[in-house]
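Engineer: Handing you this structure, nothing more for now.
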Amino acid sequence: MEVFYYLVFGGLAAVVAALELGKSGKDRVTTTPAFNAFKNNYILVYSLMMSGDWLQGPYVYYLYSQYGFDKGDIGRLFIAGFGSSMLFGTIVGSLADKQGRKRACITYCISYILSCITKHSPQYKILMIGRVLGGIATSLLFSAFESWLVAEHNKRGFDPQWLSMTFSKAIFLGNGLVAIVAGLFANLLADNLGFGPVAPFDAAACFLAIGMAIILSSWSENYGDTSDSNDLIAQFKVAAKAIASDEKIALLGAIQSLFEGSMYTFVFLWTPALSPNDEEIPHGFIFATFMLSSMLGSSIASRLLARKLKVEAYMQIVFSISAFTLFLPVVTNFLVPPSEKGGSMSFGGCLQLLGFCIFESCVGIFWPSIMKMRSQYIPEEARSTIMNFFRIPLNLFVCVVLYNVNAFPITVMFGMCAIFLFMAVILQRRLMVVSDLHRSTKAVEMTVEDELLNP
């Protein structure tokens with residue numbers, strides 16, 4: 001059965017290499033040296049920020065268990081992280097529009113470094129503080145950096161279409177290659193070199209410090225709405241009004257919450273899904289395979305975006321495929337007989353692994369595509385605030401799932417995710433209809449205005 005894992009990994013690696021090396025003229029966009037320097041600087045910083053995040057992932061649960069905490073204690077720590085992201089992270093992230101996106105990115109680095117330092121303490125209260133800081137950092141990671149990039153890109157007068165290049169390359173490296181290397185490096189530090197499970201957190205702090213130094217030395221500041229009258233409460237009102245008054249923004253937020261909620265649920269459930277009877281599976285190797293699948297998706301997304309295909313159209317297909325792949329565990333549970341306890345992965349598990357790889361490829365397509373749509377639909381003056389609004393239902397959903405993870409069978413949880421993704425298909429279809437109507441109405445208005453000015 002080990003041959004199967006290598007075949008899947010090798011096949012994915014070959015396809016990714018072929019896609020990257022086989023790009024034609026249609027898949028490449030002619031840019032300027034100034035933009036390339038700007039893009040490479042951002043991708044370097046983003047990769048360092050993501051390495052600081054990925055290094056911690058494999059050892060968080062293990063470290064807590066080594067300190068003697070049981071499953072319930074660890075579950076409460078995880079809930080505290082997502083709850084902090086929902087409450088405090090929303091406030092801190094929203095301040096980026098008024099206080100500056102660069103400052104918010106630096107705040108991310110400081111918060112996460114402090115969170116890493118708390119991992120040296122076996123005291124539950126200190127670890128809880130670390131989870132709160134980590135939750136705040138997570139909100140900033142997924143809002144402040146993108147907000148800074150979009151504003152700075154537009155401020156420097158670069159072609160709006162070039163944003164897609166930065167998005168897809170950042171996801172290809174930051175959420176793919178960096179994740180694989182970070183996982184292997186964390187394993188090297190903690191196990192092979194014997195530094196223990198806290199070592200990856202120290203390494204993460206170092207990468208975050210390097211990234212912060214680059215931000216301080218090379219990034220300029222940009223803002224949303226900086227008017228004196230626009231305090232935090234007023235910002236929330238502006239964001240809420242924008243979401244309520246523009247159906248496109250509301251649909252985008254709902255789509256994002258449905259997909260990311262399903263994605264985070266998958267993160268919790270893939271291990272028990274592939275080894276329901278304690279089958280022996282290589283967790284680290286499967287994780288690396290998932291990240292390679294994500295790289296494949298981002299490579300596909302870069303081609304789709306370079307050819308200027310309509311994001312609203314192809315994402316309906318992506319969400320449909322995602323719904324099917326997360327429904328696979330439900331199907332295999334009824335149709336495929338289980339394997340022996342403690343044996344190798346069953347035939348049903350192999351089918352699920354292939355489906356999960358396809359889902360991760362969809363995740364790789366989702367990230368640059370949703371970033372592209374956010375850059376089009378979310379107003380600049382409240383970009384970070386609105387993006388953090390989107391994360392409130394997401395974090396609430398994840399907290400509920402974590403709290404009730406043992407209350408429902410895995411098949412029910414995956415079935416729920418499949419339903420959510422099918423709902424995302426419907427909402428994505430509606431978003432395409434609304435956006436097309438908006439474009440056609442705007443085109444008519446411009447034509448009428450032009451005729452009035454030039455009779």
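Along the chain as shown, residues are numbered 1 onward.
Placed from the backbone N, Cα and C atoms, the Cβ positions cover glycine too.
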Engineer: If I go by TrEMBL, the feature transmembrane segment sits on one of 74-96, 258-280. Which?
Structural biologist: 74-96
Engineer: Does the transmembrane segment (43-62) make contact with the transmembrane segment (388-404) through 3 or more Cβ pairs under 8 Å, each pair 6 or more apart in sequence?
Structural biologist: no
Engineer: Give the nonlocal contacts of the transmembrane segment (388-404) in its own chain as ranges (CB under 8 Å, at least six residues past its ends).
Structural biologist: 75, 78-79, 82-83, 85-86, 89-90, 93-94, 139, 142-143, 239-240, 243, 252-253, 256-257, 260-261, 264-265, 268, 413
Engineer: Grab the same-chain neighbours of the transmembrane segment (201-219) for me: Cβ-Cβ under 8 Å, and only residues 6 or more beyond its ends, written as numbers and ranges.
Structural biologist: 41, 44-45, 48-49, 51-53, 55-56, 59, 63, 102, 105-106, 109-110, 112-113, 116-117, 119, 148, 152, 185-186, 189
Engineer: May I ask for the residues of the chain that lie six or more residues beyond the transmembrane segment (410-427) and have a Cβ under 8 Å from a Cβ within it?
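Structural biologist: For the transmembrane segment (410-427), the nonlocal Cβ contacts are 251, 254-255, 258-259, 261-262, 265-266, 269, 272-273, 276, 316, 319-320, 322-324, 326-330, 333, 401.
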